């Protein structure tokens with residue numbers, strides 16, 4: 001879109017005259033082929049077009065709110081529009097003209113006259129400052145000037161279509177309308193995708209990254225419908241999008257040279273996304289074909305229109321990872337509708353099941369039996385306390401339900417309440433002990449807990465080993481979390497939030513979390529980004545985080561409605577399922593995230609933060625590992641010990657180690673060169689000795 005703005009400088013008269021001048025003089029469009037639309041009540045614009053520009057009254061149409069009145073929202077700046085249309089068929093005359101007839105007209109220029117403010121009651125008041133917003137479609141103007149039947153056949157897109165036609169082994173000129181439409185989809189989408197990735201958008205399941213992924217997936221499926229197989233270079237299993245993208249990159253070289261310099265990343269990203277989606281596509285296509293055939297068969301039998309049920313759409317989505325948009329598109333191609341209401345009901349049912357207060361827990365066990373008990377959700381008390389009394393509601397040994405477990409056995413324990421945090425949101429489960437008391441003075445049994453996981457709904461499974469005594473279902477226990485390990489986890493979890501905030505400040509808001517691990521000894525954070533971080537960026541990230549730690553900021557935690565949390569700007573992890581009420585953890589002025597994990601009360605508890613590695617783990621995905629708190633001190637001490645040993649071995653001070661090592665490497669390089677030279681001389685000498693021992697063969701005596 002080409003455009004220009006004015007904020008209180010010029011207004012209708014100038015905007016209209018300049019639009020006409022650009023169209024008729026600079027672009028050379030015939031004036032008698034241009035039609036004008038104005039808002040139905042905009043007599044001022046009508047008069048300018050007729051009296052000052054000279055457009056005949058019969059080529060000006062007054063139109064209503066839907067077509068010619070622009071608003072920025074329910075309230076706010078708004079105003080009438082005036083548009084310029086090009087007439088491809090002027091021979092049809094002036095009677096019964098409909099500017100919305102796209103077989104004859106194309107709107108290529110729009111002038112918005114922002115002269116009002118729309119109030120809450122819907123009334124309009126004049127703005128003190130009249131503004132202009134104009135837009136001219138680049139592809140539309142190219143279509144007009146190049147005299148082609150549509151935007152896709154301009155030199156902006158058609159070369160891409162030709163490349164796709166070549167791979168599909170079809171002629172665009174001879175193709176039917178359906179095949180032409182598919183080729184246009186590929187041409188349009190590939191151009192958009194290449195520029196998105198070039199500008200730093202990484203295909204993902206969130207925000208603008210999902211826009212890129214959706215375009216890629218539609219292009220892949222469309223190519224398969226056209227019969228494109230392989231990369232066009234002899235590899236039938238190869239990706240074809242990169243081959244077509246090379247043409248897009250070639251076309252961009254005169255417009256945006258950065259696209260060419262980023263070509264390797266663009267092509268690799270496309271290859272990875274296509275090959276990954278083909279696996280999803282192949283899994284779902286066969287089942288979808290069967291479902292569509294059944295829908296058509298049932299339609300013929302009952303006389304109703306063919307519909308794909310919400311359950312079928314949900315099965316494709318949930319079990320086979322088949323995007324709903326692709327299912328809808330495929331169904332439409334076969335004349336089958338989609339029960340979207342049914343699909344939404346299935347999605348809602350899944351959400352409710354995961355949040356149910358009481359669940360029938362079915363756990364597959366080793367001998368094929370099933371443990372079925374009505375076990376209520378575990379009451380989690382770990383935000384407020386690290387120890388509590390609880391009752392054992394169930395026991396499993398090797399997956400088998402038991403009533404009693406004795407010393408030395410590994411066991412899974414279900415409690416009615418617990419202070420133990422169960423692994424979720426990237427944070428590992430707490431460690432600690434369960435004590436079974438027969439009386440006040442004697443501990444009857446001790447269970448060491450090494451992991452806590454969540455089962456269906458919100459049921460906590462405590463995994464451990466019986467260290468002493470016997471445990472039984474129904475017994476009361478004292479559940480105690482290892483306070484030191486919990487503190488380590490809290491430190492690393494809060495440090496993870498600070499890391500995400502620092503990344504957004506240093507490399508940009510477009511980066512987003514792609515996974516995490518909050519452990520006792522370290523933290524790991526995966527994020528979307530297209531290149532390795534530079535050393536200076538890593539230093540800046542560490543400085544920011546350690547600065548926030550030094551600020552000794554009190555964290556704020558509150559539970560609020562999900563909608564309120566999002567409005568407040570809280571960051572949500574894509575893919576996580578949230579209830580109507582969510583827990584928001586905020587480091588004021590730094591970070592605000594939806595999070596059910598455990599955190600420090602004050603950033604000063606973290607004490608220190610250090611990045612220990614940064615690496616790529618997949619195309620477009622980077623990983624940072626870091627340490628904080630006690631783990632940070634242990635890491636620094638270990639590195640200091642290594643340095644002391646190195647200084648002792650090299651007999652230099654710490655600040656001289658680098659210079660000494662560089663000198664040793666240079667000595668080693670020179671020594672290796674000397675050895676190579678000696679070996680070369682020895683080889684030459686051996687060759688001369690061998691040559692001296694050569695003897696003549698044959699009658700000619702010329703061959704030795």
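Positions of Cβ are set from backbone N, Cα and C atoms, glycine also.
Not measured: the values here are computed from a predicted model.
Now, the feature entries from TrEMBL:
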BINDING   493, 497, 595, 599  Zn(2+) binding site
COILED    647-681  coiled coil
DOMAIN    1-638  domain 'Alanyl-transfer RNA synthetases family profile'
Same-chain Cβ contacts of the coiled coil (647-681) under 8 Å, 6 or more residues past its ends?
none
Near the Zn(2+) site, what residues other than 493, 497, 595, 599 in the same chain have a C-beta no further than 8 Å from the centroid of the listed C-beta atoms?
490, 494, 496, 518, 585, 593, 597, 598
Just to confirm my parser: what is the rounded mean pLDDT across the coiled coil (647-681)?
95
Using all protein chains in view, find how many other C-beta atoms are within 10 Å of the C-beta of residue 595 (Zn(2+) binding site).
26
Provide the number of Cβ atoms within 10 Å of the Cβ of residue 599 (Zn(2+) binding site), excluding the reference atom itself.
24
